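See structure below.
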Amino acid sequence: MGVDLGELIEPEEIGFEDLHNKELAIDAMNTLYQFLSIIRQRDGTPLKDSDGNVTSHLSGLFYRTINLMENEIRPVYVFDGEMPDLKSKESSKRRKKREEARDEWEKLKDEGKISEAYSKATQSSKLTGDMIEESKRLLDAMGVPYVEAPSEGEAQAASMVGDEVYAVGSQDWDCMLFGADRMVRNLTSRKTRKSSGGGTKKISVERIELENVLDELEVSHRQLVWMGILMGTDFNPDGVHGIGPKTALKIVREHDSLEDILEEDKVKDTEFENDPELIEEFFLNPPVEETSYEFGEPDKDEIRKVLVEDHGFSEKRVNSGLKKLETALESRQPGLDSFV
DNA sequence: CCTGCAGA
DNA sequence: TCTGCAGGG
């Protein structure tokens with residue numbers, strides 16, 4: 001969760017074809033967490049193998065990655081490193097919230113309140129170290145590269161946008177605060193989604209460029225970070241009471257320094273979870289590293305071992321995925337004997 | 001989220 | 001060919 005700039009910005013709708021042959025630095029935690037929350041049965045139970053290990057993240061990662069590669073998009077997954085001190089308070093709060101949600105989910109499930117149970121289940125998602133390791137193992141087997149960030153994955157991904165990497169792939173706007181020049185959202189193969197009203201809503205890939213955001217809002221990158229701090233970020237999730245996107249924008253436009261903003265009437269009584277100056281500094285200069293990675297060939301036996309042998313995936317479905325993967329790679333590097 | 005199937 | 005739905009692990 002983080003900053004919601006969607007109310008202020010109209011993202012540009014694009015298609016997968018606009019990302020042909022482009023590398024995307026995909027925020028791995030964001031993506032896996034999304035899978036874990038969403039890939040569930042009606043009552044909120046995640047997919048599990050016969051030993052009771054959750055497998056939702058592997059299912060999502062496998063099929064999503066194949067879909068990207070079928071569209072000749074080149075994903076590089078970026079994992080989180082060491083948790084920054086700024087996040088430790090929020091992290092323990094989230095753990096507590098997760099545990100409460102888990103208890104309520106069990107209760108509602110037993111009472112047969114299926115849809116209420118589902119929404120609690122999504123809030124109870126916990127990405128464990130084992131899940132992360134297995135995800136990396138699957139990516140290795142698929143020949144898909146990943147890098148480990150020194151600190152926040154979003155920050156690392158943001159720093160990679162440039163010559164090789166076209167954009168950050170994430171649902172989370174925070175990568176813009178970390179200075180990503182470009183991000184893309186909704187990297188899903190589905191074209192529609194059920195809306196709350198009951199109908200279906202069209203969903204398309206969205207492209208957001210930092211330069212355009214700053215132009216449209218008429219703020220600097222630094223001021224965008226201040227907006228985040230006012231609205232709430234991972235490092236001060238409560239933000240300032242009563243300040244949403246519009247008020248935040250108005251306030252930052254009227255000031256030249258964070259110090260001045262903190263003295264504003266609306267802001268000055270706020271108890272921040274962390275020193276706002278430190279939050280500002282972290283967004284503007286996060287720990288990132290030069291990284292190297294390369295795309296490899298898929299090891300089909302290893303993929304089958306991870307998914308079918310170890311976690312009870314249907315061999316038929318996995319094989320059909322492998323077939324798609326193979327054709328995707330063939331079209332990327334057409335051989336001399338291919339008829340095109 | 002995803003695939004695969006049924007029925008239009 | 002498209003859309004909606006069930007079930008995946």
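Glycine is treated like the rest: Cβ placed from N, Cα and C.
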Among A:Asp4, A:Asp18, A:Asp27, A:Asp215, find me the residue TrEMBL lists at the same Mg(2+) 1 site as A:Asp80, A:Glu152, A:Glu154. A:Asp27
Out of A:Asp103, A:Asp110, A:Asp234, A:Asp238, which is the one TrEMBL records at the Mg(2+) 2 site of A:Asp172, A:Asp174? A:Asp234
Average the per-residue pLDDT over the domain '5'-3' exonuclease' (A:21-296) and send me the rounded value. 96
Three states by DSSP: which one describes A:Asp174 (Mg(2+) 2 binding site)? helix
Going by C-beta under 8 A and a gap of 6 or more residues, the same-chain neighbours of A:Asp27 (Mg(2+) 1 binding site) are A:Val78, A:Gly153, A:Glu154, A:Ala157, A:Val168, A:Gly169, A:Ser170, A:Asp172, A:Cys175
Position of peak Cβ density within 10 Å, selected from the binding-site residues A:Asp80, A:Glu154, A:Asp174, A:Asp234: A:Glu154
If you count other CB atoms within 10 A of each CB, which of A:Glu152, A:Asp172 wins among these binding-site residues? A:Glu152
Within 8 Å of the Cβ centre of A:Asp27, A:Asp80, A:Glu152, A:Glu154, which other residues of the chain have their Cβ, at the recorded Mg(2+) 1 site? A:Ala28, A:Met29, A:Asn30, A:Val78, A:Ala149, A:Gly153, A:Ala155, A:Gln156, A:Ala157, A:Cys175
